[in-house]
Amino acid sequence: MMKALGSTRLSRRRFLAAGASLAIGAIAAPHVARADDPVLRITGWGGKWGDVMKAEIGPAFESEFKCKLQTDSAFPYLPKLQASSRSAPIYDVLHTNSNEQWAAAEMGLVEPKVDPKLVPNLADVYPYAVSDKIVGVSIFTSAIGLGMRTDKGYGSITSWKELWDAKYNGVRGGYVIPVNSLGQAFLMMCGTLFGKGQTDLDAAYTALEKLKPIKIVDFTGAMEKMLLSGEVGLCVIHDSGIYRYDGQNQPTDFIAPSEGVLSLEQVLTITPGSKVKELANAYVNYMLRPEVQKRLAETVWYSPANRKVKLDAKYDAKLLTTPEKVSKLIQVDWKWYNERKDEIDQRVNRIFRA
Amino acid sequence: MSQAPTQRINGLALFILPSVLLFALFFFLPIGLMAVMSVLTGNPVVAPRVAFTTRHYARIVDDPYYLEVIWTTLRIGLLTTLVALAIGYPLAHWMARIKSRTGHALLLMAVLAPMLTGIVVRTFAWMTLLSDKGVINQTLISLGLISQPLKLMYSETGIVVGLVHIYVPFMVLTLTGVIGRIDERLEQAAENLGASPLRAFIEVTLPLSLPGILAGSLLVFALAISAYVTPILLGGFQIMTLPVLIYQQISANFNVGFAAALGIVLLLISLVLVIAYNRALGLVSGQRELQ
């Protein structure tokens, strides 16, 4: 007897095939539905920044602008952008620190300025955010100063120069200057403290020699951990690296030295070869919106660049939210620094070798 | 009329073709590209005008700092290899000669257990032991044996300790296979002819295990000189090795050409050392195939 074609009997094989198809369909459906949405490829930090971007800020942008946000948080970004084609860059918007943005601009990888006509919120930012020391626009800044343990009886610290005090030998912390923005900014501060100014490299090198013994790390997160564990007692750090542990009863505090705090800017730039320039500008504008700035500032303790942002009292008291506070920021001439980076790296690598 | 010879495709050649292609694609091509990049002024794929240059190599030769970095890398590699061999050989010998299956299994588990944990985790574990606030220093301070922490981290010693812990299993596993294949009756014959157990080992077992020593040492040396995580974390950036310098040139200086030149120098030095090591061992053991 021949088996009837188109039999409706549900065999185990058919059941499994149907089940698998349904499962694949259910998983793929949202992706298929959004396949036509334009994709904006950006870079961004991990940690709390990444969490709030993924959970709130990013989805809200996607919903409003009917697009897909694709974030690369695997640092370093610039070598990847450098290796990609100029006409089809790997990112549309590059978010990184100012020193790298200057290097990217010098290589022609990012546009040096953001157009105020396309980014209206640019009109509301503090002057430092679009100064001649900035490529693109700084959306946030941190203050680089000193971090200290409050349980070691060090007393009151008011000056950068106290980092050189012999009593901090063995518990002094700094950065790998060739790879870290804070370390590079601190080197420039050494020139100011002990020489004729930021560009006095000889004075800076002599000061760095005298700073030994010092424990050096490549990343601010590592410095936070060393300070929290007591491995270092006094170190160079940015304010958000201390304030983000607010409410956890950690015996640490941030010191804004009397000579001024250095600026650690979070900068956005747009790549010249981006195929979604309109969306890229919209993203930069969105990141400067007061409500977005407030949410991020109160999550990661970054000082917002938009003058119109009103933070809650707890944050307002500590972050740089007024023209007077912002005026204490010292910006580094990264263009000058990057032109001499190889020479500086060779010298500081020698200074800090064991 | 002569019949054209029919050529049959070798089945073995077809079998190894995917491996050859894979090897060419992921080994020869990247190294070739690296060699090309090391003599160019920029990346020809993205830069409009690129020329040939020897400036990257000249920079390495002209500045003694880079020669010091190369020597530091080799020194750490050689020390790690020697210590791993000194620890690994007795262990491998024991594993190869143990009669109890349970004992062999337990030893194998002991050797393999650390490999079940990632390199980063193991290095952090060493940091908790060796740092100023680590277990060793704090114990010694609490016992009153020292007043200031010993400098166990941020030194070459710390790096070698970390690397040896990571790479000893590679040495042991390589040696166990070779020693296990040596006929025990050869040692017994030497002892029957009047040799002491030590002399039998030195005259018989050790020379016969030289291929294993060579393979294990080369493996550990290659891994040690290319290590990045352990020198960074246990050296605290104060010990500069070539992989660290190469990463620095790519990630922070964006100088791919110079990084490629450093990579080629590391490759050439390793190649020379491997050939020299091979010949030296061959001469010592009298095994012509090693020369």
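Keep in mind that glycine also has a Cβ here, set from the backbone N, Cα and C atoms.
Nobody curates TrEMBL annotations by hand; they come from automatic prediction.
Copied over from TrEMBL:
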type	residues	note
DOMAIN	B:70-277	domain 'ABC transmembrane type-1'
TRANSMEM	B:12-40	transmembrane segment
TRANSMEM	B:69-92	transmembrane segment
TRANSMEM	B:104-125	transmembrane segment
TRANSMEM	B:159-179	transmembrane segment
TRANSMEM	B:200-222	transmembrane segment
TRANSMEM	B:228-247	transmembrane segment
TRANSMEM	B:254-277	transmembrane segment
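When the stretches B:12-40, B:104-125, B:159-179 are ranked by Cβ pairs under 8 Å to the transmembrane segment (B:69-92), first place goes to B:159-179.
By the Cβ criterion (under 8 Å, sequence separation of 6 or more), the transmembrane segment (B:104-125) is in contact with the transmembrane segment (B:228-247), since 3+ such pairs are found. Contact between the transmembrane segment (B:12-40) and the transmembrane segment (B:254-277) is supported: at least 3 Cβ pairs lie under 8 Å, counting only residues 6 or more apart in sequence. Same-chain residues lying 6 or more positions outside the transmembrane segment (B:159-179) and placing a CB less than 8 Å from one of its CB atoms are 76, 79-80, 83-85, 87-89, 91-93, 95-97, 111-112, 114-115, 119, 122-123, 126, 130, 205, 209, 211-213, 215-217, 219-220, 223-224, 227, 230-231, 233-235, 239.
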